[in-house]
């Protein structure tokens, strides 16, 4: 997969979040939740105007350039919040976590901020850099789309259903556009043409004629998908209070974080059960039956979604902000870490396989017209 260059201008603009957040943190008027929400909306609006004024040509070519520029700025803000909550920096975003969005101070909130401030930030720079140079970024965009949607759905739902539901402030409603942006951006990304492949008709026919047992890598991926599907179903039943002994042992001895009243882990497991479980079945089918051209795109989306989700879930399960009774016990760290790491790694291997060797998933060429060997009378 061709990695696009990074956008230097957006990187420089996004770093203005550092002095701006430090200055805003020392304004006493921002001690009220309403003022925090209004100031945040004003800053994002002014930032959009600045980006539009400085990069009108790039926005005319692809409006997502402005979206990535604004989101890169918010990614730096999220990284500052995460570093501050873990005690690495001080005096920057205390007004936001105290009066604006107190749920960002949870272990889950800290780790989604880390992911947004690192992985999403690099993806924004890469996609903006691709727009500057008129290059494709469809694969990068699909990975970001899955990661972004999973992050925001779990976070918003957990805020409403969890113990912080009574602490929702006006700044919470600024996240509503975050539900609309992925829909619009996702449609634009999906409409982009796919990168051309160098597979010949002979290569496609030869690859698709091989049975599953003749493709060891695909067989291993199918086995992984079956096991991941069972693991997904099992953890979904665990958070739904299944009364079996296996579920009881697992939630108390292996992943007690699933009982945390913040509700993020429970929502995450239900997201897995309702969306990742069907994906495992569809992906296993596509690895068995040739010509499923939709799998490469779907694999990228779910690789991003599961990567973000597992990073936040694993980190929050062991973070000091999680109460001790809900943290992973020390004697089960190994089992917890291996199972969850493999769960996150598998979709990435699947996406890599689809992009690196796409011949099996391409539509088979139409049969040619029958040859006429007899002379016309």
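Keep in mind that glycine also has a Cβ here, set from the backbone N, Cα and C atoms.
Range annotated as transmembrane segment by TrEMBL, chosen from 197-218, 219-240: 219-240. As stated in TrEMBL, the feature transmembrane segment covers range 33-52 out of the listed 13-32, 33-52. In the domain 'EXPERA' (217-351), the DSSP tally of helix, strand and coil residues is 110 helix, 0 strand, 25 coil. Across the range of the domain 'EXPERA' (61-186), the DSSP-based residue counts are 106 helix, 0 strand, 20 coil. Contact counts against the transmembrane segment (294-311), taken as Cβ pairs under 8 Å, peak for 142-162 among the stretches 103-130, 142-162, 168-187, 331-352.
If one looks beyond the transmembrane segment (103-130) by at least 6 residues along the same chain, the residues whose Cβ comes under 8 Å of a Cβ in the stretch are 3-8, 10-11, 14, 64-65, 68-69, 71-72, 74-76, 78-82, 85-86, 96-97, 136-137, 140-141, 143-144, 147-148, 151, 155, 158-159, 162, 164, 167, 262, 264-265, 307-308, 311-313, 315-316, 319-322.
Contact between the transmembrane segment (33-52) and the transmembrane segment (142-162) is absent: fewer than three CB pairs lie under 8 Å, with pairs separated by 6 or more positions in sequence.
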